[in-house]
Amino acid sequence: MAKVYYEKDVTVNVLKEKKVAIIGYGSQGHAHAQNLRDNGFDVVVGLRKGKSWDKAKEDGFSVYTVAEAAKKADVVMILLPDELQPEVYEAEIAPNLQAGNSLVFAHGFNVHFDQVKPPVNVDVFLVAPKGPGHLVRRTFVEGGAVPALFAVYQDATGVATEKALSYADGIGATRAGVLETTFKEETETDLFGEQAVLCGGVTALVKAGFETLVDAGYQPELAYFECLHELKLIVDLMYEGGLENMRYSVSDTAQWGDFVSGPRVVTEDTKKAMDTVLAEIQDGTFARGWIAEHKAGRPNFHATNEKENEHEIEVVGRKLREMMPFVQPRVKAGVK
């Protein structure tokens with residue numbers, strides 16, 4: 001079982017006298033920066049010119065270029081998309097790191113897969129809240145917190161663990177609990193969850209269910225409701241209390257169908273396929289493929305995205321959601 005740390009375990013905050021640079025001011029960046037500042041940390045924000053720069057200035061932060069922020073800081077937290085981090089790190093962060101500095105991440109992908117290679121004289125750790133930035137900020141303001149993971153990759157100073165816990169405490173995570181892990185474990189489990197269950201697995205299951213009903217002659221609108229729209233109701237129940245809560249809350253007919261039909265859909269062959277997915281994450285096959293795809297301009301990514309967006313379930317869903325303004329997305333989907 002994971003070791004969990006709480007506020008009582010952070011007896012001395014070793015970062016309170018240090019300057020922290022938050023690189024990026026998106027979902028996680030704004031939450032980390034504001035929570036740390038509210039807890040008395042000296043925070044600057046490092047960005048390239050754009051809307052985020054203006055937003056960070058409006059929120060009262062001193063904003064610098066990434067290179068300037070990294071040079072000023074003792075602690076550099078990189079909160080940029082995975083695929084952008086290596087270039088920004090090499091060009092703007094690495095040249096400005098000093099011995100004893102801390103290089104911090106919220107996801108271990110680039111360090112674990114050798115896309116970012118820190119110098120041996122800096123501490124390297126991650127602090128990863130298990131929730132989106134708006135929730136990290138909102139719960140903090142309300143006096144609560146989102147749990148987080150932390151891991152130490154490199155301890156150059158002998159106090160990297162203390163620094164990681166101090167950072168986690170600064171964003172409020174120790175109120176809920178901070179679980180100790182490794183860069184390897186955090187990276188591989190995160191990627192597996194996305195691919196086999198949360199994104200890849202769920203979308204494939206939803207489409208397969210929809211197609212099965214439509215191919216059998218049922219109206220696509222009903223197939224959409226039964227296989228996609230109502231998924232939120234079930235996921236919310238699981239989110240609140242696990243599978244047990246979901247099964248308690250649905251009808252007995254639905255629960256019996258769960259017991260007798262679920263294992264026939266997700267079979268031992270499915271688990272074997274999951275094993276293959278995990279193996280490709282572990283041996284770097286997935287990472288190499290994604291890095292190559294990004295460097296090539298993402299031709300397959302964009303082509304697949306365009307094709308998926310025109311699947312019948314999407315066409316039907318757009319029409320049905322016009323009947324339900326209460327489910328309109330907060331952010332309009334578009335080209336990444």
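Using N, Cα and C of the backbone, Cβ positions are placed for all residues, glycine too.
Per Swiss-Prot, NADP(+) is bound by Tyr25, Gly26, Ser27, Gln28, Arg48, Ser52, Asp82, Glu83, Leu84, Gln85; the candidate from Gly108, Gly131, Gly133, Gly143 named for the same site is Gly133. Across the domain 'KARI C-terminal knotted' (182-327), the prediction's mean pLDDT works out to 98.
The most densely surrounded of the binding-site residues Ser27, Ser251 is Ser27 (count of other Cβ atoms within 10 A of its Cβ).
Cβ environment of Gly133 (NADP(+) binding site): Gly26, Ser27, Gln28, Gly29, His30, Ala31, His32 lie under 8 Å away, each six or more residues apart in the same chain. Minimal Cβ crowding within 10 Å, among the binding-site residues Asp82, Asp190, Glu226, Glu230, is found at Glu230. Candidates Leu84, His107, Glu226 (recorded positions) were compared with Asp190 (Mg(2+) 1 binding site); those inside 10 Å Cα-Cα are His107.
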